[in-house]
Amino acid sequence: MNEKTIILANPRGFCAGVDRAISIVERALEEFGAPIYVRHEVVHNKFVVDNLREKGAVFIEDLAEVPPGATLVYSAHGVSKAVRQEAAERGFRVFDATCPLVTKVHKEVARLDAQDCEIIMIGHKGHVEVEGTMGQLAPGKMLLVETVGDVAKLEVRNPDKLAYVSQTTLSVDETKDIIAALNARFPNIRNPHKEDICYATTNRQTAVKELAEQCDIVIVVGSPNSSNSNRLREVAASRGIDAYMVDNAGYLQRAWFEGKNKVGVTAGASAPEVLVREVLATIRGWGHETVREGEGAEESIVFVLPKELRREGETKPDLCKR
């Protein structure tokens with residue numbers, strides 16, 4: 001009889017950008033007291049957001065909800081230039097929790113625009129990161145593509161002055177297909193200096209592919225509005241096995257595991273390890289008692305906090321190396 005085993009993906013859970021964003025809100029609360037206003041959910045995870053709300057964070061979408069002189073934090077997903085300008089005009093104390101890898105894309109957009117390139121954004125319409133990146137330029141200046149099919153519909157000013165950037169949390173495989181379609185239609189399109197999909201997204205997708213090869217079912221811990229968590233579930237499902245995404249252990253269904261000997265568990269980049277442990281406890285209680293860690297890429301990158309929120313010893317260069 002096959003042993004009932006749970007295999008944990010590595011890496012999984014929090015990435016450096018999420019760690020930094022949560023720390024910025026927590027440090028701001030410690031330094032300046034509640035309330036601290038946060039534009040949009042600082043990361044897309046219900047547990048994290050609820051926990052910060054209990055500590056005094058107030059999550060808003062419209063800066064009109066923020067009183068004069070208040071402290072405001074931008075979410076990890078980044079904001080448009082219009083939001084930055086409005087915050088400056090209103091005189092808020094601002095801390096920017098935008099992931100540095102998203103900021104890198106913003107800088108790439110500015111550089112390309114200065115060179116008079118028309119820019120195509122590969123991403124999901126309505127996602128806050130996409131809105132922030134496209135908002136680095138005036139409305140209508142960037143073109144959005146979500147699928148390979150969208151590439152054929154593009155109308156560009158000059159195919160020889162064209163470039164693309166990507167949302168950082170996309171499926172690596174799907175994005176490759178879109179990039180291939182762009183290069184086929186526009187042979188002179190400029191590629192980013194460095195891949196836009198972040199290291200954490202890539203590493204977690206690679207790990208879940210390996211997990212899917214070993215397991216009968218994969219559980220992804222993540223909130224429904226988390227782009228990278230959704231992509232993990234899709235990647236696992238594309239391997240032909242059952243794959244489910246759950247916000248926490250309460251969403252697990254015992255019937256999913258009937259007849260399944262090997263269960264894979266991973267977590268999106270915004271999902272804390274405490275939720276993974278609760279999921280493990282529930283599945284173990286249903287008979288999958290053996291747990292082992294999978295092998296995968298080691299991650300050592302740490303992004304430093306804004307200087308106003310740093311503590312002694314947090315300015316060393318080795319704290320932000322890969």
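Just so you know, glycine gets a Cβ as well, placed from its N, Cα and C.
Residues or ranges marked as [4Fe-4S] cluster binding site by Swiss-Prot: Cys15, Cys99, Cys198. Per Swiss-Prot, isopentenyl diphosphate binding site is recorded for His44, His77, His127, Ser226, Ser227, Asn228, Ser270. Residues annotated as (2E)-4-hydroxy-3-methylbut-2-enyl diphosphate binding site in Swiss-Prot, with sequence analysis given as evidence: His44, His77, His127, Thr168, Ser226, Ser227, Asn228, Ser270. Residues annotated as dimethylallyl diphosphate binding site in Swiss-Prot: His44, His77, His127, Ser226, Ser227, Asn228, Ser270. Annotation source Swiss-Prot lists active site, proton donor at Glu129.
The closest partner of His127 (isopentenyl diphosphate binding site) among the binding-site residues, by CA position, is Thr168; the full candidate set was Cys15, Cys99, Thr168, Cys198.
Here is what falls inside 10 Å of the CA of Glu129 (active site, proton donor) among the binding-site residues Cys15, Thr168, Cys198, Ser226: Thr168. Ranking the binding-site residues Cys15, Cys99, Thr168, Cys198 by Cα distance from Ser270 (isopentenyl diphosphate binding site) puts Cys15 first.
Other C-beta atoms found within 10 angstroms of the C-beta of His127 (isopentenyl diphosphate binding site) number 18, with every protein chain shown included. Within its own chain, His44 (isopentenyl diphosphate binding site) has Ser223, Asn225, Ser226, Ser227, Ser229, Ser270 as residues 6 or more apart in sequence whose C-beta sits under 8 angstroms from its own.
The (2E)-4-hydroxy-3-methylbut-2-enyl diphosphate site, placed at the center of the C-beta atoms of His44, His77, His127, Thr168, Ser226, Ser227, Asn228, Ser270, has further neighbours from the same chain whose C-beta lies within 8 angstroms: Val43, Glu129, Thr169, Asn225, Ser229, Gly268, Ala269.
Thr168 ((2E)-4-hydroxy-3-methylbut-2-enyl diphosphate binding site): 28 other CB atoms within 10 A of its CB, across all protein chains. In sequence order, Thr169, Ala200, Thr201, Arg204, Gly222, Gly268, Ala269, Ser270 make up the list of same-chain residues 6 or more apart from Asn228 (isopentenyl diphosphate binding site) whose Cβ falls under 8 Å from its Cβ. Counting only same-chain residues at least 6 apart in sequence, those with a Cβ under 8 Å from the Cβ of Cys15 ([4Fe-4S] cluster binding site) are Cys198, Tyr199, Ala200, Ala269, Glu299. His77 (isopentenyl diphosphate binding site) sits 7 Å from Cys99 ([4Fe-4S] cluster binding site), taking the C-alpha atoms as the reference points. Of all residue pairs in His44, His77, His127, Ser226, Ser227, Asn228, Ser270, the annotated binders of dimethylallyl diphosphate, the farthest apart have Cα atoms separated by 15 Å. The binding-site residues listed here are Ser226, Ser227, Ser270; among them, Ser270 has the most other Cβ atoms within 10 Å of its own Cβ. Within 8 Å of the centroid defined by the CB atoms of Cys15, Cys99, Cys198, the record's [4Fe-4S] cluster site, lie the Cβ atoms of Ala16, Gly17, Val18, Ala76, Pro100, Leu101, Val102, Thr168, Thr169, Tyr199, Ala200, Thr201, Ala269, excluding the listed residues themselves.
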